[in-house]
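This report concerns only the one structure given below.
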Amino acid sequence: MSLSNKLSVKDLDVAGKRVFIRVDFNVPLDGKTITNNQRIVAALPTIKYVEEHKPKYIVLASHLGRPNGERNDKYSLAPVATELEKLLGQKVTFLNDCVGPEVTKAVENAKDGEIFLLENLRYHIEEEGSSKDKDGKKVKADPEAVKKFRQELTSLADVYINDAFGTAHRAHSSMVGLEVPQRAAGFLMSKELEYFAKALENPERPFLAILGGAKVSDKIQLIDNLLDKVDMLIVGGGMAFTFKKILNKMPIGDSLFDEAGAKNVEHLVEKAKKNNVELILPVDFVTADKFDKDAKTSSATDAEGIPDNWMGLDCGPKSVELFQQAVAKAKTIVWNGPPGVFEFEKFANGTKSLLDAAVKSAENGNIVIIGGGDTATVAKKYGVVEKLSHVSTGGGASLELLEGKDLPGVVALSNKN
């Protein structure tokens, strides 16, 4: 799956055409009030660009929450239509469904350049292909119904644009099922692909990956794939304790230990050696007597280990120095997962120091990419999103890319040629 060879919105001629844009308007709601409109704002450049190029009409489609294949007013996109009108400064016609006669009739009578927002795609089981019954058991959608649903979505479009990177790892109907000749990436999707291509297809070296997070078992595939690509790998966060216990027989007290992941540590370290990857682990820790923002704190080195009833919640000053040295050497950096419990101020120093080093690296012209999820939250919390090369909008999608998996939503896009 090539990331750098996908058709982009700028390669399209949309004049007089019916344009379908899959956006990510999965915004947090409090009742009918949108509490954060960032995802809507992020989609504006693509919508405005298409609108400026005189399409017949634009149809916007998204999911919101998990309505589980049935209509549920709690997950209606109606409030999004109102917000979008404000942001665009023009009328947005909200349709009460995403397929069916009402939708067909509305688009057939569209005024030139009209913008429609469809109701939540996930009101139909055919979007995700399955739902859960009241006992939590998976119920599969009828394949014929899925086919019909996809045909109905396709009938609204001459051109398809996908700007929902956060859902790109899901083979949902609106992501892979529109059979039109040109399927292009919107500006958000294009930026994601461009930066991940810079890291995964043709990185400037030295290439450093920074991994944090709790469980080794969640990140085995990620570490395994990155060991074929990087020159240096920092393993921090909770999963460092599993590595330290297995490799150095270090006492870790009540720190996180991942029984399942532990079985893979030696194989991963062997692979790092074989591939000449410098593996960098923390050598000292900020410890706590409990998992709490008001915990008593102490410090421990890896030579002493962490005493019983204490746990490591951040890396210590010597580790910070090691990590900063690696960052200073690197020309390409991918960071997924914080090195400490940054949510508690007492254990945020490791994360803040690493973030400062990453910002400095980006300011020096290096490529610094933050995978979505917790690390993106860190970048937002400390107000440095604009200072880094790229902060991904898709936690799960960016993780699967870094694991070396193909993303169905990207595979479905047309290639440039």
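Glycine is no exception: its Cβ is also placed from the backbone N, Cα and C atoms.
Pulled from Swiss-Prot:
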- Val23, Asp24, Phe25, Asn26, Gln38, Arg39, Ser62, His63, Gly65, Arg66, Leu121, Arg122, His169, Arg170: (2R)-3-phosphoglycerate binding site (BINDING)
- Gly213, Asp218, Gly237, Gly337, Phe342: CDP binding site (BINDING)
- Gly213, Gly237, Phe342: ADP binding site (BINDING)
- Ala214, Lys219, Gly238, Gly312, Glu343, Asp374, Thr375: ATP binding site (BINDING)
- Ala214, Asp218, Asp374: Mg(2+) binding site (BINDING)
- Ala214, Lys215, Lys219, Gly238, Gly312, Glu343: AMP binding site (BINDING)
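Shown on the structure are the features that Swiss-Prot records.
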residue	record	Cβ neighbours (10 Å)
Val23	(2R)-3-phosphoglycerate binding site	27
Ser62	(2R)-3-phosphoglycerate binding site	27
Leu121	(2R)-3-phosphoglycerate binding site	25
Ala214	ATP binding site	17
Lys215	AMP binding site	17
Asp218	CDP binding site	15
Gly237	CDP binding site	30
Gly312	ATP binding site	31
Asp374	ATP binding site	18
Thr375	ATP binding site	29
According to DSSP, does Thr375 (ATP binding site) sit in a helix, a strand, or coil?
helix
Note on ADP: the CB centroid of Gly213, Gly237, Phe342 has further same-chain residues inside 8 Å, namely Gly212, Ala214, Gly236, Gly238, Gly337, Pro338, Pro339, Gly340, Val341, Thr351, Asp374, Thr375
Binding residues Ala214, Lys215, Lys219, Gly238, Gly312, Glu343 (AMP) - maximum C-alpha distance in whole Å:
21
Whole-number Å only: compute the distance from the Cα of Leu121 ((2R)-3-phosphoglycerate binding site) to the Cα of Asp374 (ATP binding site).
27
Number of other Cβ atoms within 10 Å of the Cβ of Gly65 ((2R)-3-phosphoglycerate binding site) across all protein chains:
15
For Val23 ((2R)-3-phosphoglycerate binding site) and Lys219 (ATP binding site), the CA-to-CA distance in whole Å is 29
Which residues does Phe25 ((2R)-3-phosphoglycerate binding site) neighbour through Cβ under 8 Å, counting only same-chain ones at least six apart?
Arg39, Ile40, Ala43, Leu60, Ser62, Leu64, Leu77, Val80, Leu117
Taking only the CA atoms, the spacing between Glu343 (ATP binding site) and His169 ((2R)-3-phosphoglycerate binding site), expressed in whole angstrom, is 28
Integer Cα-Cα distance in angstrom, Phe342 (CDP binding site) to His169 ((2R)-3-phosphoglycerate binding site):
28
Is it possible to get the count of other C-beta atoms within 10 angstroms of the C-beta of Glu343 (ATP binding site)?
14
Surrounding CB atoms that lie within 10 Å of the CB of Gly213 (CDP binding site), all protein chains:
23
Proximal but sequence-remote residues of the same chain as Gly238 (ATP binding site) (Cβ under 8 Å, at least 6 apart):
Gly212, Gly213, Ala214, Lys215, Ser255, Leu256, Asp258
Could you check the binding-site residues His169, Lys219, Gly337, Phe342 and say which one's CB has the fewest neighbouring CB atoms inside 10 Å?
His169
